[in-house]
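Among the features that TrEMBL reports, domain 'Poly A polymerase head' is placed at 4-122. The ATP binding site annotation in TrEMBL covers 8, 11, 91, 137, 140. Here TrEMBL flags 8, 11, 91, 137, 140 as CTP binding site. The Mg(2+) binding site feature in TrEMBL is assigned to 21, 23. The domain 'tRNA nucleotidyltransferase/poly(A) polymerase RNA and SrmB- binding' annotation in TrEMBL covers 149-210.
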């Protein structure tokens with residue numbers, strides 16, 4: 001039995017980046033041997049075990065063969081006679097196909113170290129084209145390592161184009177696609193993810209609404225630079241689309257509720273946000289009420305953040321509307337309902353009176 005660190009742990013150590021999760025590969029062992037050593041089985045499709053003390057994942061060396069459509073259409077074979085090289089060749093990129101033994105020796109049969117040095121994302125073998133999910137994974141790695149100067153090798157881009165043309169991307173479930181998109185959105189340069197997808201014709205298949213939308217990518221770039229959370233980044237990405245298109249994208253990808261909600265509200269209200277300084281008091285109050293700034297103040301803050309990122313992406317040097325909108329929201333939240341209740345108002349009469357007081361607060365509001 002031989003145990004190796006594999007994949008990202010080896011790659012990131014060689015790049016001098018922090019290593020968080022470690023994947024372990026076990027060569028020459030049987031399932032029975034792993035169980036006898038206290039490992040707990042967790043793999044549904046192939047033998048993966050949890051270490052009895054650390055809880056880290058240990059996978060038996062395996063090969064795979066294409067047996068159906070989509071990223072799940074593979075038959076796996078795990079046995080003690082599968083070699084390290086046979087296991088590594090099934091991996092996506094050369095930089096992910098390196099292993100390190102307990103003595104610190106790196107095994108690099110597919111020249112991943114050379115591609116690290118050349119800042120290249122290159123596929124290991126032609127079998128790369130059998131898994132459509134790899135299109136999204138490579139684009140995500142491009143987004144992660146763009147600050148280090150990495151690019152996708154042209155021959156790998158060509159294989160990604162073949163996958164796009166094959167229709168295999170349509171076999172990806174919405175949940176699996178969203179998981180990759182979500183991770184990509186939180187990378188260092190998420191706009192690169194979508195640029196790579198466009199370069200390999202995958203964006204047309206998955207998100208045609210964004211194919212010719214450089215404004216959306218500029219807003220997303222700003223959101224990443226300002227370390228905005230996921231739902232704000234998603235709202236920025238979809239901010240240039242019509243509300244009907246935003247709904248369609250949200251439903252197609254089954255984005256989380258918080259992402260769907262903010263993206264749609266931003267699409268519907270971005271223009272009003274940008275025109276905030278000139279909005280009549282009644283219109284501004286309607287905007288504040290649409291966001292329910294009384295009970296959900298953070299949602300309005302997130303909207304303001306998305307508007308600001310779009311403006312910065314458009315080349316604006318600042319966004320004075322942000323402080324104005326915050327001040328207006330604070331003014332209406334400061335209106336006290338107690339005097340109206342004490343005056344005996346209830347039901348519809350109370351609601352109308354409260355709205356009137358809030359309108360007065362907006363009319364009286366002047367930014368400091």
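The backbone N, Cα and C atoms fix where each Cβ goes, and this holds for glycine too.
A map of TrEMBL features onto the structure.
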residue	record	DSSP (3 states)
8	ATP binding site	helix
21	Mg(2+) binding site	coil
91	ATP binding site	coil
137	ATP binding site	helix
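Residue 8 (ATP binding site) sits 8 Å from residue 23 (Mg(2+) binding site), counting Cα to Cα. Taking only the Cα positions, the spacing between residue 11 (ATP binding site) and residue 23 (Mg(2+) binding site) is 12 angstrom. Within the same chain, residues at least 6 positions away in sequence whose Cβ sits under 8 Å from that of residue 140 (ATP binding site) are 180, 183, 184, 187, 193. Take the mean position of the Cβ atoms of 8, 11, 91, 137, 140, the recorded ATP site; other residues of that chain with a Cβ within 8 Å of it are 7, 92, 93, 95, 96, 141.
Highest Cβ count within 10 Å among the binding-site residues 21, 23: 23. It is 137, among the binding-site residues 11, 91, 137, whose Cβ has the fewest other Cβ atoms within 10 Å in the structure shown. Rounded to a whole number, the distance between the Cα atoms of residue 23 (Mg(2+) binding site) and residue 137 (ATP binding site) is 17 Å. Each residue contributes its Cα atom, and for residue 23 (Mg(2+) binding site) and residue 91 (ATP binding site) those atoms are 13 Å apart. Across the domain 'Poly A polymerase head' (4-122), the model assigns an average pLDDT of 89. Its own atom aside, the Cβ of residue 8 (ATP binding site) has 18 Cβ atoms within 10 angstroms in the protein chains shown.
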